[in-house]
């Protein structure tokens, strides 16, 4: 994917009338949204509101679900990714993803990070070593694991595993990082570390994070989008959305009347 | 109160069943080993059997059992694994897949003597190979395949779905995900399946009577010419295995020490299976650690 011929201001993701359905059930209906480069965007909303489904359509992870149908348009860097001739492997290199539960491979810490770069063509040991170190440093994990890179990633704590997964995604040098409730299974201290990490990473990456934790969204995001029943109710600067929401439903949700 | 009593009774009954099973197992093993112990000499283990006089050994039979195991595994493991991968990852969930699954179930419940007769017809007669190791290995493949397919399919399915997602999200293709992420994680289950299947190969007699045959040439162990009928490595020579030998000696043995030979052979068979299991487990753990860095 070439970014040179892209001239649409600062927008990196643009969806238009994006709908996702599982069989007969519509999970996301007609969402149009723009996300700017090098910002953190938080998706909030009650369970089942479609925020995760929307997120997963941005790197076409929904392709894994046979009954899933996606309609509408998603442009990333000006390229329509729902086209059937889009190179999905290339797309996923550009758009990294971290999941709700840390899912390191059953491999060593080193292999967890080196696996994908090696698959995508980097063979030299020195280069891989460099990628592993840089990714772990960016994920603020290097100092904790540098002496045991050959040990199993499963021996790490939950918080370390999640940061390893972030490092693994960074190793692909993506432009966009999708985080699907990355801290929901972590203790407060690990959560804090992940949040600090996210704030540091936004200089280099565009980050989209789904979260159940409104405080988290308020702390780390530049913009917040509120989803309800598969629809995008409101999206605005985080500071504005949380202090003076335009929609009644948003206000009810953030003040804890439901959800 | 009542629930407690029932709970106590259930505990006693279940413990009793477990103890009974272990007792039967220990008794059987003890009986076989004590009866055969005195035959476990180097001479008995290495020399060929004697048809008429006392004092023959089971050397070729022991070798045949091991060699047949290797051949069978060389054929059935790739097939079983391949089919398991297909069933777990590629097969669409439709009628055809369901009927394949049904066929595998039916195949796994075939009596081994039927597999043996099928082998006689197809692998011995139609191929023109006669009684041979290869025919035996193919018959045992028919016999083992359902187990291997089933176990590798289950092992791959049991790898958490999140592993697959993680790999796909990194832009790794499906096939490479299967090979580099799913298979290593599924390895312990697959090794267990392979060990189970191997145990059946060691112990199988009925399927081999009419395929690998009931006699073994006097093997010349330094003969590596694959065409030579006395070469141990020739896959197209007849090869009586230990289990078949035990059956044969017991039913039609003419030597005065037939009973002794059967006891000794049984002890060797049990020990060989035991050693093989331990070795395979150790190898499986080593391989798992090597591929995943996970110590278990």
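The chain as shown is numbered from 1 upward.
Even glycines carry a Cβ here, placed using N, Cα and C.
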Per TrEMBL record, range annotated transmembrane segment [choices B:66-88, B:204-226]:
B:66-88
With the ranges B:129-149, B:150-170 to choose from, which does TrEMBL describe as transmembrane segment?
B:129-149
Between the transmembrane segment (B:129-149) and the transmembrane segment (B:265-288), are there three or more C-beta pairs closer than 8 Å, counting only pairs 6 or more apart along the chain?
no
Quick one: do the transmembrane segment (B:265-288) and the transmembrane segment (B:100-123) reach 3+ CB pairs under 8 Å, ignoring pairs fewer than 6 apart in sequence?
no
Which sequence-distant residues neighbour the transmembrane segment (B:12-33)? Criterion: at least 6 residues beyond either end, Cβ under 8 Å.
263, 266-267, 270-271
Counting only residues 6+ away from its ends, which parts of the chain sit with a Cβ under 8 Å from the transmembrane segment (B:178-199)?
69, 73, 76-77, 80-81, 84-85, 89, 144, 147-148, 150-152, 154-156, 158-159, 163-164, 166-167, 172, 273, 276-277, 280-281, 283-284, 287-288, 291-292, 296
